[in-house]
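Annotated features, as they stand in Swiss-Prot:
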| type | residues | note |
| --- | --- | --- |
| BINDING | 22-28, 50-52, Arg315, 341-343, 423-425 | GTP binding site |
| BINDING | Asp23, Glu24, Gly25, Lys26, Asn48, Ala49, Gly50, His51, Thr139, Arg153, Gln234, Thr249, Arg313 | IMP binding site |
| BINDING | Asp23, Gly50 | Mg(2+) binding site |
| ACT_SITE | Asp23 | active site, proton acceptor |
| ACT_SITE | His51 | active site, proton donor |
| BINDING | Ala309, Thr310, Thr311, Gly312, Arg313, Lys314, Arg315 | substrate binding site |
Amino acid sequence: MESKKFRTPSQSATVIVGTQFGDEGKGKLVDYLSDKYDIVVRYQGGANAGHTICFDNKTVVLHLIPSGIFHKGCVCVIGNGVVIDPAALLDEIRKVEELGYEVTGRLFISHNAHLIMPYHKLLDSLHESAQGDQKIGTTGRGIGPSYEDKFARKGIRVVDLLNPEVLKEKLRENLAAKNKLFKNIYEKEEIDVETMVREYEDFDKIIDPYVTNTQLYLNRQLQEGKTVLLEGAQGCLLDVDHGTYPYVTSSNPTSGGASTGSGIAPNYIGKVIGVCKAYMTRVGNGAFPTELLDETGERLGKIGHEFGATTGRKRRCGWIDLVALRYSLTINGVTEIALTKLDVLDTFEEIRICTSYMLDGKEIHDFPTDHQTLSRVTPLYTTLKGWMASNAHARSFSEMQPEAQNYVTFLEDELQVQVTFISVGPGREETVFR
């Protein structure tokens, strides 16, 4: 009897994850790789994350639409794990079209993605203000409250925009509860239901061309041999399950979140590329063992232009932390590393690398994810000689300064993962592939 032949998943999906506290430079890598993939997918987060892309003497920041939209042969998908501010999305679509790029037919939005409504943003700012010294440091974009409604099974989804009667009923239900909070807890004016219904009554016509069942679309495209690049927002150390809780985001930026946030079956995922800066930054509150509260930290921030792409907030800066990186590489199953912003270190005579921590008089090599313990550790450093010159001309590893090569090799030896992508400047072409 002849044996049957069944389809075997191709593992032609690649995930890009941030391995630090976000802002690692994922946008540049996605932009660089997008012309090598058929589809680029955003799988979690919302407009709280900005991906900065530099090309053709332009600098563009995208918050929701994947960076691949600037590669004309690439299809872009906003997955079910993303929370979407409809007004922000339409503004972004207009911005991309004004730059001369077609969006209709190239952008698909999951019908199951949840929406950020105006009351989510108001709740976000009111709740954050009420926290006093215990603030998380949210962006105030309504991300957390939208995810809260999602998991409380009260959320409004993209598909609801296409049915005005369903949308109206869900808005009434949500505002009945939210207005009690505004009036009785926060002593704010209630939001008028009918006004909000009118605000969203035309969204069905505008957004309908982009909406589809992206879970089925993506899996079918993979079955047909197409390649998919999945881009996360934020970073592993901000993951709600695996990060420095409670100073985390409300979603899963880790590689596991790529599957749940897109609907792509896990066995289609082949490579996981972990993106990390050559130093480290963090926005908002929370433990940061290698933070530099001195002139060196200020210098890193100034050279690296470390201000949030979404909020404009100043980022806290410090040396690279290999204890945290080892943890991130492990839980994400990272197969290769993309090292960004190496050029920021070009003028430092010495570069310090955290290789372990001291905790209660003992050296430890494992990253503590509970905030109380992490806030008590002291970093232990190895110091390397700086290269004191630019690598912007380099297009191969051998063309880089010897001390810069030594820095990269040291990271590889410590982390036991190859660095395959090195950003030596902000431009698309200022990149070394190995």
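Note that Cβ sites are derived from N, Cα and C of the backbone, with glycine treated the same way.
Locations of recorded Swiss-Prot features on the structure.
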| residue | record | Cβ neighbours (10 Å) |
| --- | --- | --- |
| Gly22 | GTP binding site | 26 |
| Asp23 | IMP binding site | 28 |
| Gly25 | GTP binding site | 22 |
| Lys28 | GTP binding site | 27 |
| Thr52 | GTP binding site | 18 |
| Gln234 | IMP binding site | 29 |
| Gly312 | substrate binding site | 8 |
| Arg313 | IMP binding site | 13 |
| Leu342 | GTP binding site | 26 |
| Val424 | GTP binding site | 26 |
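Considering only the binding-site residues Lys314, Arg315, Leu342, Val424, Asp23 (IMP binding site) has Arg315 as its nearest partner by CA-CA distance. Ranked by CA distance from Gly312 (substrate binding site), the binding-site residues Thr52, Leu342, Val424 have Thr52 at the top as the closest. Each of the binding-site residues Lys314, Arg315 was scored by how many other Cβ atoms lie within 10 Å of its Cβ, and the smallest score goes to Lys314. Gly312 (substrate binding site) falls outside any helix or strand according to DSSP and counts as coil. Between the C-alpha atoms of Lys314 (substrate binding site) and Gly22 (GTP binding site), the distance comes to 14 Å.
Annotation note: Thr52 (GTP binding site) sits in a strand segment as assigned by DSSP. DSSP gives Asp23 (IMP binding site) a coil state; it is part of no helix or strand.
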